[in-house]
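These notes concern the structure reproduced below.
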Amino acid sequence: SFGLCRLRRGFCAHGRCRFPSIPIGRCSRFVQCCRRVW
């Protein structure tokens, strides 16, 4: 789902998504797919 994450303009972050980003999915079991709010 890494490619899908990129397609949705997201990036992979280990652990949790830090502000100012929000979770939009998963890259893997321990890696969140995040997207910047602005």
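Even glycines carry a Cβ here, placed using N, Cα and C.
Because the structure is a prediction, the values reported are computed rather than measured.
Cross-referencing Cys27, Cys34 with Swiss-Prot gives Cys27 as the cysteine bonded to Cys12, criterion being a recorded disulfide.
Checking the candidates Cys17, Cys33 against Swiss-Prot, the cysteine paired with Cys5 through a disulfide bond is Cys33. The Cα atom of Cys17 (disulfide bond) lies nearest to that of Cys33, taking the disulfide-bonded residues Cys5, Cys27, Cys33 as the candidates. Separating the Cα atoms of Cys5 (disulfide bond) and Cys34 (disulfide bond) is a whole-number distance of 8 Å. Counted within 10 Å of its Cβ, the other Cβ atoms near Cys34 (disulfide bond) come to 21, all protein chains included.
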